[in-house]
Amino acid sequence: MQKLQIFVYIYLFVLIVAGPVDLNENSEQKEYVEKEGLCNACLWRQNNKSSRLEAIKIQILSKLRLETAPNISKDAIRQLLPKAPPLRELIDQYDVQRDDSSDGSLEDDDYHATTETVITMPTESDLLAEVEEKPKCCFFKFSSKIQYNKVVKAQLWIYLRPVKTPTTVFVQILRLIKPMKDGTRYTGIRSLKLDMNPGTGIWQSIDVKTVLQNWLKQPESNLGIEIKALDENGHNLAVTFPEPGEEGLNPFLEVKVTDTPKRSRRDFGLDCDEHSTESRCCRYPLTVDFEAFGWDWIIAPKRYKANYCSGECEFVFLQKYPHTHLVHQANPRGSAGPCCTPTKMSPINMLYFNGKEQIIYGKIPGMVVDRCGCS
């Protein structure tokens with residue numbers, strides 16, 4: 001009994017010397033750990049975001065088959081950018097980004113961009129065709145995007161200078177050919193008559209699909225065209241070689257090629273915001289700003305929602321591949337852990353200058369993360 005009393009006295013002495021026990025110590029440590037964990041998650045997401053931005057730059061150049069970003073200044077763009085209706089409509093009504101992730105489909109697309117519309121500006125011919133000893137507009141070179149795709153539409157756009165009085169204008173599009181025995185150097189493509197009212201000039205489009213298809217089959221026959229738009233006094237109103245103040249009024253070709261859609265399959269995933277405390281694999285918002293990159297050669301969109309994936313992929317979270325969970329349970333050391341990656345990607349439409357100062361309107365696959373999952 002005396003030994004027990006001594007033990008109790010010693011125990012009480014230790015408590016007094018050690019001081020009172022802080023009952024909140026464990027909760028504070030737990031709170032610190034939780035905050036530290038959240039900070040680590042934020043840092044991990046920031047690293048994923050930075051990596052995604054750098055990957056997007058590389059992907060865009062690669063998918064557009066560009067070794068480097070075209071070096072085109074803003075001043076040059078103002079000079080080269082046509083002021084024509086089809087291009088203005090593309091810019092004004094541009095569908096910057098669809099975020100229809102609710103459809104839950106996984107797109108199987110090709111790696112490289114699928115071109116929908118190519119706007120080609122006139123250039124100088126390697127074999128300069130001349131009529132009456134004067135070079136005539138216009139000669140067009142065609143990229144592989146046009147050469148190796150099915151052309152569904154080809155329009156020649158020309159700008160007619162304004163008139164002071166109501167005038168009837170006779171428009172002729174002539175195709176240059178090799179000299180014939182009788183000296184003929186051209187053959188007609190299309191003729192039309194227009195009634196113009198005084199005031200502003202107008203843009204006129206002309207169907208040249210048949211001619212373009214012939215040029216693609218026989219490239220040596222492409223010697224260029226001559227454009228005439230004569231008023232009643234014989235003055236040519238067509239802008240072929242723009243004068244000062246007529247920048248952006250050059251003739252150009254608008255060519256549309258086919259785009260074959262592909263089938264898709266179903267998939268689902270989590271959506272989060274930057275303030276989310278979700279630890280599982282999730283899709284987070286990310287806006288790409290091309291102006292911040294200094295990429296003035298991209299006409300539209302100037303920015304788009306790309307999104308990125310981040311989060312943990314524990315085996316218990318796996319729903320897409322349940323067999324993976326069973327494999328891990330059978331051999332936990334021999335099976336690699338899953339990663340948080342995109343499971344649904346969608347394309348963006350882009351209007352841009354290529355390395356040859358041609359304006360391209362195309363679809364770039366796999367640029368938007370619509371779903372994230374563990375795989």
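Yeah, the Cβs are placed from backbone N, Cα and C, and that goes for glycine too.
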Checking Swiss-Prot: of Cys282, Cys309, Cys313, the cysteine bonded to Cys374 via disulfide is Cys313
Which of these, Cys309, Cys339, shares a disulfide with Cys372 in Swiss-Prot?
Cys309
Check Swiss-Prot and name the cysteine among Cys138, Cys339, Cys340 that pairs with Cys281 in a disulfide.
Cys340
Tell me, from Cys282, Cys339, which cysteine Swiss-Prot puts in a disulphide with Cys272.
Cys282
Since the record lists Cys281, Cys309, Cys313, Cys340, Cys374 as disulfide-bonded residues, which of them has the fewest other Cβ atoms within 10 Å of its Cβ?
Cys313
To the nearest whole angstrom, what is the C-alpha distance linking Cys281 (disulfide bond) and Cys313 (disulfide bond)?
6
Set of same-chain residues at least 6 away whose C-beta sits under 8 angstroms from Cys372 (disulfide bond):
Gly269, Leu270, Cys281, Cys282, Arg283, Cys309, Ser310, Gly311, Cys340, Thr341, Pro342, Thr343
How many Å lie between the Cα of Cys374 (disulfide bond) and the Cα of Cys272 (disulfide bond)?
15
Long-range Cβ list for Asn71 (N-linked glycosylation site), cut-off under 8 Å, min separation 6+ in sequence, same chain only, gives Trp297
Measuring Cα to Cα, how many angstrom lie between Cys313 (disulfide bond) and Asn48 (N-linked glycosylation site)?
15
Three states by DSSP: which one describes Cys272 (disulfide bond)?
coil
